[in-house]
Ligand code: PEP
């Protein structure tokens, strides 16, 4: 059956020292709390990956927030999937709306990143979600379906089985506005139906679909109670160990 996952996305926050301290705090809480069968992931800036992997125990997986769309070579400033793998990390967050919007990441670029991530034995946490204008124009289902199809449907069923999806309505990211529990469930059920059509019931039922967008301890329980919401991708609230833990224990 699919895994429950709570993944933090630190974005461009924390010096190396601050990141090590936060990872240590999260690790202590995770080690000393009874957690209901939830995979915990911390998505850090690249420079933290090696050290954070040393700080956390087996109950926490570490994620990069991006990777290069080429294997290696003359790409100044880029970090490859194989480099990420060599830090001991297990996941790569791909297609976050901030990367799609500010860094021009297209579905074509994401296909290359998804392939390199999988080739290096890392699991993509693949983000999808509509902007406010698209929701208001009732195009949100169409937009999300095309992001999934164009970014991922070239994968075989076996390859797709390693992907985690994160539905993040862009209007809810960092805004304090959360999708209602019904809105989240409606979209997650639609995403699962889309996966059934492409890969069949078994793959669809085994795929973890996370919700992201102003998720916090006070609303996590209501969101996670939905049948098709398998956890969360957490931005702001992952920067404080207690808040992040409050979301992990919301299951
Ligand atoms: C995110 O950036 O993935 C996110 C969900 O951010 P926040 O929780 O701050 O809305």
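For all residues, glycine too, the Cβ spot is worked out from N, Cα and C.
Under the three-state DSSP scheme, residue 96 (active site, electrophile) falls in the coil class. Residue 96 (active site, electrophile) has a Cβ environment of 27 other Cβ atoms inside 10 Å. The active site, electrophile annotation in TrEMBL covers 96.
Around residue 168 (active site, proton acceptor), a 10 Å sphere centred on its CB holds 27 further CB atoms from the protein chains shown. DSSP gives residue 168 (active site, proton acceptor) a coil state; it is part of no helix or strand. Positions annotated as active site, proton acceptor by TrEMBL: 168.
Residues within less than 8 Å, Cβ to Cβ, of residue 10 (substrate binding site) and separated from it by at least 6 positions along the same chain comprise 19, 22, 42, 43, 44, 45, 48, 65, 238, 239. If you look up TrEMBL, you'll see 9, 10, 11, 174, 214, 235, 236 marked as substrate binding site.
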Around the Cβ of residue 235 (substrate binding site), how many other Cβ atoms lie within 10 Å? Please give the count over every shown protein chain.
22
What is the separation, in Å, between the Cα atoms of residue 235 (substrate binding site) and residue 168 (active site, proton acceptor)?
11
Measuring Cα to Cα, how far is residue 168 (active site, proton acceptor) from residue 96 (active site, electrophile) in Å?
8
Substrate binding residues 9, 10, 11, 174, 214, 235, 236: largest Cα-Cα distance, in Å and rounded to whole number:
14
Least surrounded among the binding-site residues, given as 9, 214, when other CB atoms within 10 Å are counted:
214
